[in-house]
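Taken verbatim from TrEMBL:
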type     : residues             : note
BINDING  : Asp30, Asp32, Asp216 : Mg(2+) binding site
ACT_SITE : Asp30                : active site, nucleophile
ACT_SITE : Asp32                : active site, nucleophile
BINDING  : Asp41, Asp125        : substrate binding site
Amino acid sequence: MTAAAAADQLQQDMQSLSENHSVETIFVWDFDWTIINCNSDEYVPAGFLGDEEVAKRITAEMKEHGPTKWHECVANLINACMLEKACSNDDILEKAAEMPYLVDVKQALTDVANNKHCRQAIISDGNDMFIDAFLRKNVMIDFFTAVETNVGSWENNNAETSFKIRYQSSKYGGHECKLRCPPNLCKTQVLKDILNRMKEANGKDAKRPRIVYVGDGHNDACPALQVLNENDVLLAREGKRCPNPNSVYGPQFDKNHDNATSGTFAILSTLEKAERREGCVPKCRVCPWNTGKELLSLVLGILS
């Protein structure tokens, strides 16, 4: 089925659901490789240290400390930018603000924001300082009623400023979905928390909102399996990542990356693995997308 045909079918399905369920819709977005078209943790330090140096240092730190120390590694890279390249706090945040995004993805976000029956939230294993800088620069900060992520901060010690990322483990850690989520942030727990807050705000008799979840990674498969139901939609990014994402900035247009060697988006393969190993399959409708145009078409099908 083509992306256009999938969008038409999705529109029909959503119209059928709307006739039977008078509820609002919440669009829940991943950030890296979904709202932006890169990995924010790598993009920002690569702007000062270069791709090769960042890759080398990440490899060394992961080998020494293990993958559970990812955000300590990111903080170390940012601090290296400040010490070795004399970058200021503002330099770091300006680099975060110019992270690349697909123009049709921003249009999809804008169209949802302009729909009075919809809300939007971000759930990301990034950090709030990079996300906030990007959203403010691109006039999207008011699109979201919730942004749940790790907390970045500047700390002053002996006249030196350093960057630190504080995990959300106390709120959203302590889970057992090890194949899908990092130990510090389970997106199932985050999404359930958002839904509980909405219920408290709307009253205990309020209907559960329809969820449209947009994501690309391993950890996005977790809420797709644990939270989304037959009335919800998963917009799962598929295909190849664009090569050299750290070499561009700002608005980008779709290109064909079928022959890229930079890896594929992991959400669909993670769902397939969950079915093979655990017999778990999503209850929701799953719609793949790769380009901004494909995503926008799917979103418009839902909104209409």
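Cβ coordinates are placed from backbone N, Cα and C, and glycine is handled just like the others.
Cα of Asp32 (Mg(2+) binding site) to Cα of Asp125 (substrate binding site): a distance of 9 Å.
Following the DSSP three-state reduction, the secondary structure of Asp216 (Mg(2+) binding site) is coil. Asp41 (substrate binding site) sits 14 Å from Asp30 (Mg(2+) binding site), taking the Cα positions as reference. Take the CB of Asp125 (substrate binding site) and look out to 10 A: across all protein chains shown you find 27 other CB atoms. In the three-state DSSP scheme, Asp41 (substrate binding site) is classed as helix.
Look at Asp32 (Mg(2+) binding site): DSSP puts it in a helix.
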